[in-house]
Amino acid sequence: MVRHPEYQYLDLMAHLLENGDRRIDRTGVGTLSGLGAMMRFDLSKGQLPVFTTKRVYWKLAVKEMLWFLTGDTNIRNLLKQNVRIWTDWPLAAYRKATGEAISQEDFEARILADEAFAETWGDLGPVYGKQWRQWRDADGQVHDQIATVIDQLRHNPSSRRMIFHAWNVGELAGMALPPCHMVYQFHVSNLPSPGETKRPRLSLMVYQRSCDLFLGNPFNICQQAVLLAMVAQQVDMDVGELVWAGGDVHIYLNHLDAIREQLSREPRPFPTLRLLRRPDSIDDYRIEDFEVSDYEPHAAIAAEVAV
């Protein structure tokens, strides 16, 4: 019997519980960490790797990916969609700069109500979307990495250079949080020879330099699989495999009880993903375009984000 692919994730957390290197990290919370991990997910039959041993709010993950693809770096448009996963960083910066003990709810309300306030305090700096869609080189030329990769997939699918990344050394200091999922590389297999009609198969490998396994990784895996499905649709290819590689993989010390609870649960079948329409470009997808069926996870497990 084939082992459920979610065990790759569960086994990694169990390994860190037993063998992780205990350290005090940037956040002050403390972690059990290790270096180097890999997970592989075969998506060729329409599966979406949304983990099932706790509920993952997949729509939030997809909305974040769609936001990245717009090139936006301000949390205002996320908040308009009821996505609050980036609020902690600008909120912490505002409290530190002003000394005001504002609540998250009041801060978000001001971001939504006051465009000038949002422009000053809601921007995250040149984070993912800026680098993916508007990377500025030393000569001042702006590069749309996503558009370039899609063009390569259409016209030179055997290339080994179909990569985009967000680790812009010259702009790291201005980012609210340097990129964790850094490098995305596409690979095309099953390429037809002249005269053949078979469909190519598109796979994606992601390198993530730093990974909060309990809270962050379930979102990352889900949204990266969705990105693969979107790009495959745009370039008329079948979906292949998602390969995820982690650098510093860690679990936070304040998540240990929650992780033990999750490890006590048995994985359930992954749901399926269907794209309900084919937009004209990668820029035109909306959350309504994604249908996830047969997702029946265990209950959610709450935990605090380390900022």
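Using the three backbone atoms N, Cα and C, a Cβ is placed for every residue, glycine included.
D212 (dUMP binding site) is surrounded by 21 other CB atoms, counting those within 10 A of its CB over all protein chains shown. The dUMP binding site annotation in Swiss-Prot covers R26, R160, R161, R209, S210, C211, D212, N220, H250, I251, Y252 and is backed by sequence analysis.
Look at Swiss-Prot and you will find C180 tagged as active site, nucleophile. Under DSSP, C180 (active site, nucleophile) is assigned to coil, being neither helix nor strand in the three-state scheme.
The (6R)-5,10-methylene-5,6,7,8-tetrahydrofolate binding site annotation in Swiss-Prot covers D212, A306, and the record cites sequence analysis as its basis. A306 ((6R)-5,10-methylene-5,6,7,8-tetrahydrofolate binding site) falls within neither a helix nor a strand when secondary structure is assigned with DSSP, and so counts as coil.
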| Got a sec? Which of these binding-site residues, R26, H250, has the most Cβ atoms within 10 Å? | H250
| field | Cβ neighbour count (within 10 Å, all chains shown) around R161 (dUMP binding site) | value | 10
| Taking the Cα atoms as reference points, how far is C180 (active site, nucleophile) from S210 (dUMP binding site) in Å? | 5
| request: Report, in whole Å, the straight Cα-to-Cα distance of A306 ((6R)-5,10-methylene-5,6,7,8-tetrahydrofolate binding site) from D212 (dUMP binding site). | output: 9
| From the Cα of A306 ((6R)-5,10-methylene-5,6,7,8-tetrahydrofolate binding site) across to the Cα of S210 (dUMP binding site), what is the distance in angstrom? | 13
| said: In whole Å, how far does the CA atom of R26 (dUMP binding site) lie from that of A306 ((6R)-5,10-methylene-5,6,7,8-tetrahydrofolate binding site)? | reply: 9
| Residues that sit under 8 angstroms from A306 ((6R)-5,10-methylene-5,6,7,8-tetrahydrofolate binding site) by C-beta distance, when 6+ apart in the chain | D25, T27, V29, D212, Y252, N254
